[in-house]
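> Sharing a structure below in structure tokens format, with a few things to ask.
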Amino acid sequence: RESDHRAWTPVTYTVTRQNATVQGLTEGKAYFFRIAAENIIGMGPFTETPKELIIRDPITVPDRPEDLEVKAVTKNSVTLTWNPPKYNGGSDITMYVLESRLIGKEKFHRVTKEKMLDRKYTVEGLKEGDTYEYRVSACNIVGQGKPSFCTKPITCKDEIAPPTLDLDFRDKLIVRVGEAFSLTGRYSGKPAPKVTWLRDDIAVKEDDRTKIKTTPTTLCLGILKSVREDSGKYCVTVENSTGSRKGYCQVTVVDRPSPPVGPVIFHEVHKDHMVVSWKPPLDDGGSEITNYIIEKKDTHRDLWMPVTSATVKTTCKIPKLLEGREYQVRIYAENLYGISDPLISDEMKAKDRFSVPDAPEQPIIKDVTKDSAVVVWNKPYDGGKPITTYIVEKKETMATRWVRVTKDPIYPSTQFKVPDLLEGCEYEFRVSAENEIGVGDPSPPSKPIFARDPVAKPSPPINPEAVDKTKNSVDLSWHPPRHDGNGKIIGYLVEYQKVGDEDWKKANLTADSCPETNFKVTGLTEGLTYKFRVKAVNAAGESEPAYVPDPVEVKDRLEPPELILDANMAREQHVKAGDTLRLSAVIKGVPFPKVSWKKEDHEVSPKADIEVTGVGSKLEIRNTVHEDGGIYSLTVENPAGSKTVSVKVVVLDKPGPPRNLQISEVRSDSCYLTWKEPEDDGGSVITNYVVERKDVASAQWLPISSSSKKRSHMAKYLIEGTQYLFRVAAENQFGRGPYVETTKPIKAIDPLHPPGPPKNLHHVDVDKTEVSLVWNRPDRDGGAEITGYLVEYQEDGAEEWTKFQTVPMLDCVVTGL
């Protein structure tokens with residue numbers, strides 16, 4: 001029976017088993033059941049269920065939870081979510097059980113101890129780098145159901161996601177001055193990105209008008225009361241460690257334009273109209289100028305009258321003027337957003353003022369070739385009447401007459417190609433303008449040009465190098481450029497730069513100050529290192545620079561002295577007496593050596609001029625004399641060493657006097673002269689000797705011989721008994737030297753000789769104390785009468801002879817023995 005009914009309804013009558021299936025019940029209703037046993041006698045009492053039973057499907061444990069997902073991972077936590085099971089087992093879910101297993105271990109461990117009904121959970125306190133897998137089970141009144149499928153292995157590390165950017169603004173934004181605007185958007189990324197705002201690549205800073213607001217998911221830049229300066233390209237950058245995203249917006253803050261730029265120029269002034277022009281505003285307000293409004297005013301009245309309010313040109317004709325009145329003009333600029341303040345002109349009187357055109361400015365000549373040139377000029381003031389033609393004239397620079405280059409009219413072009421020039425000639429050009437009044441004055445002549453093909457810039461110099469240096473200078477050398485660009489190389493520009501600096505300094509200001517391929521850069525600082533470069537310059541300009549390959553340290557370069565001898569410093573130098581002696585040598589060495597000249601290890605004569613230059617030294621002696629000869633030495637010395645060279649100087653002169661003049665073998669008609677060569681031969685071989693004699697009673701010397709090469713001579717043809725003086729001089733190719741003279745006269749007589757020995761000396765008598773001796777006359781008397789005989793004796797065994805006496809006769813008695 002139903003629990004809310006009292007009547008019982010039979011289910012079956014014949015059930016032989018101890019169970020039965022009751023069908024036809026209504027789900028959700030409560031029923032009582034009763035059973036009675038029956039045999040052939042009858043039916044026994046009923047047994048009733050103690051309490052009602054609600055009809056429903058049987059209760060089981062829940063199914064697996066579904067869609068277990070990992071939502072976030074950091075280095076020490078994992079966040080998981082899941083959906084409930086499809087079937088709860090017939091009973092409400094009472095809680096969820098989350099389990100984890102460390103990869104490498106077998107067992108799962110329960111993560112949550114408390115009762116959990118939320119389907120989202122963050123597991124915290126994990127170790128960075130560990131890898132886990134997770135599963136979740138649902139529980140109901142019956143018990144814990146099957147676990148969900150496991151997650152993939154999850155390693156604990158900070159989760160990374162590149163930035164995303166979603167902007168609410170477009171590429172372009174136009175804002176009126178004074179209005180506010182904002183640029184907003186959303187962003188995401190892991191780790192949380194950094195947001196930066198730039199305007200025209202410069203960081204936007206907050207101030208009273210500029211506000212920047214950034215939340216973890218939104219971004220906003222707002223500007224209050226915008227001004228023109230807020231215009232620009234705005235860029236928002238969202239950046240984290242994985243990358244960046246950028247968004248751009250070109251913001252234009254628009255306003256009315258600034259006033260047109262003056263001054264107002266009066267191009268034409270007539271009695272009834274004027275033509276004026278001006279320049280556009282410096283600031284168009286962010287929107288192009290759509291119109292200019294021009295008004296005029298008679299200066300004697302306060303009323304401005306409209307001229308036009310519909311023109312985009314920057315020139316305008318002001319009509320309907322009264323002759324003689326002064327007028328002012330004012331001009332407004334207009335764009336989509338308003339009208340500017342006005343530009344007001346100076347006062348100008350309305351009257352005709354026609355004249356011939358002014359002289360053009362000096363024309364400029366370009367595109368010169370060997371037979372043509374293009375003349376360019378600016379349009380002059382036309383004198384109030386339009387220019388009808390220009391007259392171009394040429395002349396050779398040295399000529400006086402100007403020649404018109406063409407008879408055809410030249411207008412409106414302000415340039416003309418002049419043909420038929422002569423190659424190599426130098427020309428000047430001038431221009432005149434003509435209107436209906438007449439021809440104006442000619443312009444000043446152009447700068448002279450040569451008719452030749454154009455000059456290009458030269459190529460760089462070749463192989464610049466530092467060839468020498470001192471403690472404050474560096475010597476550079478290079479080769480000329482390969483190509484001179486068809487123009488003469490004017491010179492070179494040398495520049496230097498201290499290592500570490502950015503600026504190059506000029507060593508010479510103009511190229512013509514360095515026409516050669518070398519230059520000494522001075523004024524440098526000792527110990528610093530410099531770079532150097534050289535440019536070639538021609539009429540077309542400067543070449544590209546050529547660089548010295550390596551930086552140069554500025555310090556004295558030690559080089560030992562070196563002597564390069566000139567021809568006059570050979571081993572022996574001959575100079576003619578009276579001429580000038582010059583000794584010179586080229587000297588090298590760094591630093592430049594100290595120079596000293598010596599002669600025979602003594603100071604040189606004060607009459608010597610000594611000159612020392614930066615490249616050598618020279619010694620000069622004018623009007624040389626014989627004493628200037630000798631060994632000269634040149635010594636050069638610096639800290640790196642010294643060097644000495646010597647030269648023997650021979651001053652070529654007449655020889656000195658012969659030496660040791662002797663007279664011998666004097667006879668009544670001759671004598672024999674001998675002498676020795678002079679001590680000084682004058683530096684040249686003695687060619688001959690000159691011998692002369694003189695009677696002591698005479699004043700005149702007579703030559704005996706003038707060609708003798710011997711150092712002796714027999715003087716013949718003397719007059720017996722006459723006394724003579726003799727003299728001898730030596731001669732060489734430079735002349736006759738001084739004479740040497742006999743000291744005393746020589747008499748021409750035959751010579752006297754000692755007589756011969758007495759003959760036949762013997763004793764004729766002997767006594768105990770004396771001996772008598774006799775002898776005969778000698779064979780020869782020596783050329784003179786014998787005057788006596790000298791008697792000497794010697795004791796036997798003794799060495800000395802003892803004089804006894806001289807006797808006139810041929811006998812003598814020696815006594816005292």
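Sequential numbering from 1, following the chain as shown.
Keep in mind that glycine also has a Cβ here, set from the backbone N, Cα and C atoms.
As annotated in TrEMBL:
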- 1-58: domain 'Fibronectin type-III' (DOMAIN)
- 64-159: domain 'Fibronectin type-III' (DOMAIN)
- 163-252: domain 'Ig-like' (DOMAIN)
- 259-353: domain 'Fibronectin type-III' (DOMAIN)
- 359-454: domain 'Fibronectin type-III' (DOMAIN)
- 457-480: region 'Disordered' (REGION)
- 460-557: domain 'Fibronectin type-III' (DOMAIN)
- 561-646: domain 'Ig-like' (DOMAIN)
- 657-751: domain 'Fibronectin type-III' (DOMAIN)
- 757-817: domain 'Fibronectin type-III' (DOMAIN)
> Would you say the domain 'Fibronectin type-III' (657-751) and the domain 'Ig-like' (561-646) are in contact under the rule of three or more C-beta pairs closer than 8 Å, pairs 6 or more apart in sequence?
yes
> May I ask for the residues of the chain that lie six or more residues beyond the region 'Disordered' (457-480) and have a Cβ under 8 Å from a Cβ within it?
487, 489, 492, 494, 496, 517-526, 530, 532-538, 540-549, 552, 554-557, 590-591
> Pull the DSSP breakdown for the domain 'Fibronectin type-III' (64-159) and write it out as helix, strand, coil residue counts.
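Final tally across the stretch: 0 helix, 42 strand, 54 coil.
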> Tell me the residue counts in helix, strand and coil for the domain 'Fibronectin type-III' (757-817), as DSSP assigns them.
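Taking the domain 'Fibronectin type-III' (757-817) as a whole: 0 helix, 29 strand, 32 coil.
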> What are the DSSP helix/strand/coil residue counts across the domain 'Fibronectin type-III' (657-751)?
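The counts are 0 helix, 47 strand, 48 coil.
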